[in-house]
Amino acid sequence: MFSRAVRPTVSLARSLSTSSQNNAKVAVLGASGGIGQPLSLLLKNSPLVSHLSLYDIAHTPGVAADLSHIETRAQVTGHMGPDQLDAALQGCEVVVIPAGVPRKPGMTRDDLFNTNATIVATLADACARNCPEAMICIIANPVNSTIPITSEIMKKHGVYNPNRVFGVTTLDIVRANAFVAELKGLDPARVNVPVIGGHAGKTIIPLISQCTPKVEFPADQLSALTGRIQEAGTEVVKAKAGAGSATLSMAYAGARFTFSVLDAMNGKEGVVECAYVRSEETGCKYFSTPLLLGKNGIEKNLGLGKISAFEEKLVADAVDELKASIKKGEDFVAKMK
């Protein structure tokens, strides 16, 4: 699976090696954490990145020194603590935010809300001030609320561009691809399952009916597969038994999404990823659907497409929870001093 994240960028880099477009400064906010370190490693490995700016509240100089010894072109700088946050962000074209506390057994993503909401609001404020035109890719949970928080903060600064703020839901797609491939004996690198909705529990809606290559499952197996995709994060939290949540697979998914954004910014055509964004596709203000990416972020929202009756019910069941999570994020910013 590693090859999918890295190989496309290698071939692209060869074709663009003389292009000034291929000089992207990418920041990782939360670079010392369980997701941040492997994510930074994958980004350092990509010739699409010319400057990797790492920020966290602790240990960042060590992570930066370690990564700087890798024989790839990206310059690495480490920034630690609130006093160095502005410097970490200046001139960045893409900002990836895995910062926040991880889930522990028994916790829902919503249980993380108060701590992670404050962290994301602080980081979004710094992005608005230092790199208002950057692509902002939020990994910090609960994504269903942290994207509305980011959007509202950007609005306060008058720099909100809905085409440049993404909730990274790619892990749901990666998991769906892996699980379908496993059940059908397919090469996971050739499976593509769109996943729409949000990024928590029943708001995660895999569109198995739109899978390429086409696959079919009996109703009971389809229901079980959908449930596994929706609760895959909890599967990892339980397996790690208090030692964290999904970090390695999330780092892979975050890198995959970041590479797609960079590819599109470099002019590659036909780059499509699902992400949780400002949307008019349903009754929810924010909703994940397949997006055509371009030089300026979202070029076109490709919508839900044709979905099955089973999937229509999943969408209907998700709407109330999504709306509540969105309102929670908006209300948090409204109450901030």
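The chain as shown is numbered from 1 upward.
Note that Cβ sites are derived from N, Cα and C of the backbone, with glycine treated the same way.
Values in this document were obtained by computation on a predicted structure and should not be read as measured data.
As annotated by TrEMBL, active site, proton acceptor applies to H199. According to TrEMBL, the NAD(+) binding site annotation covers G30, A31, S32, G33, G34, I35, G36, D56, N116, I139, A140, N141, M250. Annotation source TrEMBL lists substrate binding site at R103, R109, N141, R175. The domain 'Lactate/malate dehydrogenase C-terminal' annotation in TrEMBL covers 169-333.
Feature map: TrEMBL annotations on the structure.
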| residue | record | Cβ neighbours (10 Å) |
| --- | --- | --- |
| G30 | NAD(+) binding site | 26 |
| S32 | NAD(+) binding site | 22 |
| G34 | NAD(+) binding site | 19 |
| G36 | NAD(+) binding site | 27 |
| R103 | substrate binding site | 21 |
| R109 | substrate binding site | 23 |
| N116 | NAD(+) binding site | 22 |
| N141 | substrate binding site | 28 |
| H199 | active site, proton acceptor | 28 |
| M250 | NAD(+) binding site | 24 |
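A 10 Å radius around the C-alpha of R109 (substrate binding site) takes in these recorded positions out of G30, G36, H199, M250, in sequence order: H199.
Taking every protein chain shown into account, A140, R175 are the binding-site residues, and of these the Cβ with the most other Cβ atoms within 10 Å belongs to A140. Overall, the recorded substrate-binding residues R103, R109, N141, R175 cover a maximum inter-Cα distance of 18 Å.
Of all the binding-site residues in the record (A140, N141, M250), the one with the smallest CA separation from H199 (active site, proton acceptor) is N141.
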